Protein chains: 2
Amino acid sequence: MTLEEVINEVLQNIRPTEEERAFVHSLMDELKEVARGTAEGLGLDVNPYFVGSTAKDTYLAGDHDFDLFLAFPIDTPIEELREKGLELGTAIAEKLDSYEIAYAEHPYVRARYKGVKVDLVPCYDVKDWKDVRTAVDRSILHTKWVNENLKGRNDEVRLLKRFLKGINAYGSEIYVRGFSGYLAEILVIKYGSFLEVLKNADFMLRQKVIDPGNWLRKEYETAMKTVKREAEEDRPLVVIDPVDPRRNVAANLSWEKFGRFYFKARGFIEGPSAEFFFPSERGIGNYLEELRRKGTHLLTLTFDKPNLIDDILLPQLERSARGFERALSREDFTVLGWDVGHSGGKAFIMLELDRLERERVRIKPGPEFFTERGWDFYRKNERVWLVGKRLYAEKKTDEHIVDILGKLLEKNQVAMGKGIREKVKRAEILLDYVPKELEKEAYLFLSREKWGLRE
Amino acid sequence: MTLEEVINEVLQNIRPTEEERAFVHSLMDELKEVARGTAEGLGLDVNPYFVGSTAKDTYLAGDHDFDLFLAFPIDTPIEELREKGLELGTAIAEKLDSYEIAYAEHPYVRARYKGVKVDLVPCYDVKDWKDVRTAVDRSILHTKWVNENLKGRNDEVRLLKRFLKGINAYGSEIYVRGFSGYLAEILVIKYGSFLEVLKNADFMLRQKVIDPGNWLRKEYETAMKTVKREAEEDRPLVVIDPVDPRRNVAANLSWEKFGRFYFKARGFIEGPSAEFFFPSERGIGNYLEELRRKGTHLLTLTFDKPNLIDDILLPQLERSARGFERALSREDFTVLGWDVGHSGGKAFIMLELDRLERERVRIKPGPEFFTERGWDFYRKNERVWLVGKRLYAEKKTDEHIVDILGKLLEKNQVAMGKGIREKVKRAEILLDYVPKELEKEAYLFLSREKWGLRE
């Protein structure tokens, strides 16, 4: 099939029907009314705004959740925003089907109405980036900017989003580190179309800085600071937020995910196929067979997931995994790779090793023999010999990885995220075996399909 | 026992009896007569000299071989020396019990007479180091110098020689690299007695240069050249030959053997015992038990001993062993040590390894993905993934040491003494097993008793 044919076929599946579109609009009007009425009823000067993909009409067919932001005047004290915001959210939700309280920077309400998820999020009614006070305040500006600049290329955004989902590079959450919806919109606006974005995968990397808001002209100092900071962080892209020169929209985009996009973009152009958008579920292999095939070993540390959000926990697990990698290399083990995460209430660190046992003795090099330290070495050690002018001795060592790990942890010789140090020290150690709920993860890790560029 | 008691006891065993001494002298007179007569009979202007320990009366009881040097005028052409020298030697030997032709720099005759070995060696009748033309010419000067300077301390030399034999540091042959008899004699002359030599073990090392012939005064230029050259070679000692400023008498003394002397000297002074002179035969352990104890592995390459003298063969075997050490380390094996030599017509290289198998795959790091080489890497490899901006791929490798060695040799990736390269390539490879005749060697190597400072 040609590019056009594939794209048209995919569009059939991701473009909302007239019915869905109509439903979404009526629902938005209805919800806005309810919100406005409820606010007035409570005597609150609050403007309701819809943000997110539904508000921008860039949502994928069947995926139309609502983000209804309740914007308070910017002179409202933060505590009042919190309190009244939750009160108002709850009052609105009372008129819908069901709801619960969720927590981000501030508590907010997650309601459901007519089968649709509706987040009711209090924020400040900012008109300008200088007013931004909380993390969510920008959303209103984002929505406004996209709607002003998208100029009917909504389907192009849908294609790009679906493509990114298909290649598993969509979402800016810490455990994904991919492209956010807003970033996808900016790229389409910048390059003109889905295909142009793909064709520019290499160029945007070399260009590095994307500045759709022309901040480098309007706010040189601030924008330059952002560019410098993000360049030092070695981000693949620095996309200066068109609504806030202090922010890199691609700050959470990892090299791995950009790399996937980079290869898949070219792959799609050279061999167009709907598979990129809707990959057929890959069969998960058996991790034990992988171990046999590779002749390597899997060491897994698991412990109860600490009560930390992923943004905190995952970096700490990664730091710990790197710590184990360094410590074990010093002990003559080869760490072929590592993987971290959590699943079913259990956090885990997986290490792929070349072996589980090492020789029982090590050769300990000593000083030159004709020194005072030479005499000490000679006296202290039982088996001593010379190679050239240097003394050597045999040193008994632990042979098995579990004993070695135990010693390392006991002596705090493993660099670790301190938030989890204690838990890791008491972690359960599994060798060449993982519990059911980790089997898939183990396979994806050992086969490297987790980060693979083929499939 | 006190030092004196031990020394006296030892002397009883190493000082030749009056009978032995008388026998030696009569034999020397007899042989000298035969030599002189035979030379005249052949019309040769040759002076017979006795050299070596019998000529210096520093031989150990029961160990009295003869070196009878046949000294030709220094204007004799070298070919004539060769030819006539062999002719004369043979003619003399005809009058003794039996003989054979041996080869060093020149052919010479090894005869036996009344149960004593007699070497008949042609050389030049040099009076001065400037006349020295062949390697053996110096011996006459050595004998003369020792006899002029020893001043009755012959037994002190005997003690030192026996001590050096006892601690396995006697002999300047390449496969020993210990103290020569001449060096022992010089040290006694320099420090005055056996005990003084031992007490000065540390001092002589720091002093480094020993110049009993005062060459640094008489022939500064030449002597200094020797000192510089030998210091650059990092010899433990530079003993300028009292009969030739161009030569370091200790040139073949290794750090290992000097180190043994260093520790044993102090050990003997702190705890005198005849054991140092006559160590009781140590029981040889089982090399397989050593392997089990250490949890290591023994890889042995054996092949028919090439027809090379040790001075050539052993350095080549050592170079090859080091080559294997480097090559195998690059392949992720740990080489804990190596040993070379030959026994029973078989040359061998032994390597102690941490393991015989390694993982079946290796992680191959590639270039950064956004490069042309990145694309090649992506195309060429089947399993490819990203870590950061860098591409990685899995690479199948040989798992077993034998396959790995085979490939390394085939591709000439092992640095080797070229004289033996071809033989090594076709060597027999033994794992955790050696033939009977190498079992002792294997044990001494694996236990490091071969170079050990205890026992």
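Glycine is no exception: its Cβ is also placed from the backbone N, Cα and C atoms.
Matching A:Lys130, A:Lys161 to the ATP binding residues that TrEMBL gives (A:Ser53, A:Lys56, A:His142, A:Tyr170) identifies A:Lys161. The candidate list A:Asp29, A:Asp97, A:Asp119 contains one residue that TrEMBL assigns to the Mg(2+) site with A:Asp65, A:Asp67, namely A:Asp119. When Cα-Cα distances from A:His142 (ATP binding site) are compared across the binding-site residues A:Asp65, A:Asp67, A:Asp119, the shortest belongs to A:Asp67. A:Tyr170 (ATP binding site) carries a strand DSSP state (E or B). Neighbours of A:Asp65 (Mg(2+) binding site), defined as other CB atoms within 10 A of its CB across all chains, total 14. Within 8 Å of the Cβ centroid of the Mg(2+) site, not counting the listed residues A:Asp65, A:Asp67, A:Asp119, the chain contributes A:Gly52, A:Thr54, A:Phe66, A:Leu68, A:Lys117, A:Val118, A:Val121.
Under the three-state DSSP scheme, A:Asp67 (Mg(2+) binding site) falls in the strand class. Cα to Cα, A:Lys56 (ATP binding site) and A:Asp65 (Mg(2+) binding site) are separated by 12 Å.
The number of other CB atoms found within 10 A of the CB of A:Ser53 (ATP binding site), across every protein chain shown, is 24. In the structure as shown, the Cβ atom of A:His142 (ATP binding site) sits within 10 Å of 23 other Cβ atoms. Shown are the binding-site residues A:Lys56, A:Lys161; the one with the most C-beta atoms within 10 angstroms of its own C-beta is A:Lys161. Ranked by Cα separation from A:Lys161 (ATP binding site), the binding-site residues A:Asp65, A:Asp67, A:Asp119 are led by A:Asp65.
On the backbone, the CA of A:Asp65 (Mg(2+) binding site) and the CA of A:Tyr170 (ATP binding site) stand 17 Å apart.
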